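First up is the structure itself, then whatever we jot down about it.
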Amino acid sequence: MVHMQEIDGSVLEGGGQILRMSISLSALLNIPVRVTNIRVGRKKPGLAAQHLKGIQLVANMCQAELKGAFIGSTKIEFTPRKIRGGHYVADTQTAGSISLLIQVALPVALFADGPTTMDLKGGTNADMAPQIDYMDMVFRKILNKFGGDFSMQILTRGYFPHGGGHVRVEVSPVNMLQSINLMDRGEIEDIGGISFVAGNLPVKFAYQMADGAKHEIGLNQRINIKSYKEDGSMAPDNCNGIVLSCSTSSCVLGACGLGSRGVSPGEVGGSAGKMLREVIDTGACVDTHAQDQVILYMCLASGLSSVRSGSPTLHTQTAIHIAETLAKVKFEIKSDGEQDVIKCTGIGLINKSIPDE
């Protein structure tokens, strides 16, 4: 009888974050898990397509035995085996976020026995998740500090409600991740980003979003935002959005905005610009999109990681809860002036399939 680690999917954030962390760590640490009460507090409880495909993707990568994996299911059992590199496909067949597929699968691919290629299909620029461009412009640079990397090719864009986006992600495995020290934000070196429209929307909307962002950021700094219209063959559906990044001498911060009915382009850009300006003003070294994502990598890394952040979000608190439950690590959060500092001595997970260089 295999002992299963029980995870209550209704605690804290009570949604997909618990599931993604649990499945990633289950695969990485070879710990069978039973996740119950999945998204029970949501309007549509249980697994949605995006969650289901993410679980199945990781299950394929680690040859897991998977039970209860169907749309609407509120309980799954996941028994992992060896993580294999190779070619994998996950298609939400909805506008479900490709970025969230990357969140659950990327750490697993980093500890595979060889290179991994993932063809991921769904929404590239979705609400309630980092836009795909953020993953490349901001999060990839943070992962580099841990000693990991990936490359990304956006083949087609997919927007709500139809989806249809296609992103190819290639990952080379690591022997081990290194701890990070993001305590001093350093001087601002560059602020930039992209502002796009697609479908039947006029390109002037892209310029209006960029102007709105620049106005809110201020800072008397040169801000390089590329404003453009997506090619029709690349992105046939209507959408407008903006992704911003701020590079400093020691870290990179980001913010996103996505158009919606009744919200002017200037407001979309202004909201993203305000979000970026606020995180810059706090002196934090990670933004809210990255804050919860770094928890898993801090947990896996070798040595003490320290990150200066804003107040921990509910997603971050949830990620810490699952990391402490499955990896038996201990996170420490202390106030330091206007910021909080998150610390963890990671387990130093070793990929025995990849020699230490």
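Note: Cβ is positioned from N, Cα and C throughout, glycine not excepted.
The domain 'RNA 3'-terminal phosphate cyclase' annotation in TrEMBL covers 12-333. According to TrEMBL, the feature ATP binding site maps to GLN103, HIS289, ALA290, GLN291, ASP292, GLN293. According to TrEMBL, the domain 'RNA 3'-terminal phosphate cyclase insert' annotation covers 184-280. Annotation source TrEMBL lists active site, tele-AMP-histidine intermediate at HIS315.
Looking at the domain 'RNA 3'-terminal phosphate cyclase insert' (184-280) alone, the prediction's average pLDDT is 95. Residues GLN103, HIS289, ALA290, GLN291, ASP292, GLN293 are recorded as binding ATP; their most distant pair of Cα atoms lies 13 Å apart.
Closest in space to HIS315 (active site, tele-AMP-histidine intermediate), of the binding-site residues given as GLN103, HIS289, ALA290, ASP292, GLN293, is ASP292, taking the CA atom of each residue. Within the same chain, residues at least 6 positions away in sequence whose Cβ sits under 8 Å from that of GLN103 (ATP binding site) are ARG20, SER24, GLN293. What surrounds the ATP site, by Cβ distance within 8 Å of the Cβ centroid and not counting GLN103, HIS289, ALA290, GLN291, ASP292, GLN293, is the set PRO130, PHE139, VAL286, THR288, VAL294, ILE295, HIS315, THR316 from the same chain. With DSSP states grouped into helix (H, G, I), strand (E, B) and coil, the domain 'RNA 3'-terminal phosphate cyclase insert' (184-280) comes out at 30 helix, 35 strand, 32 coil.
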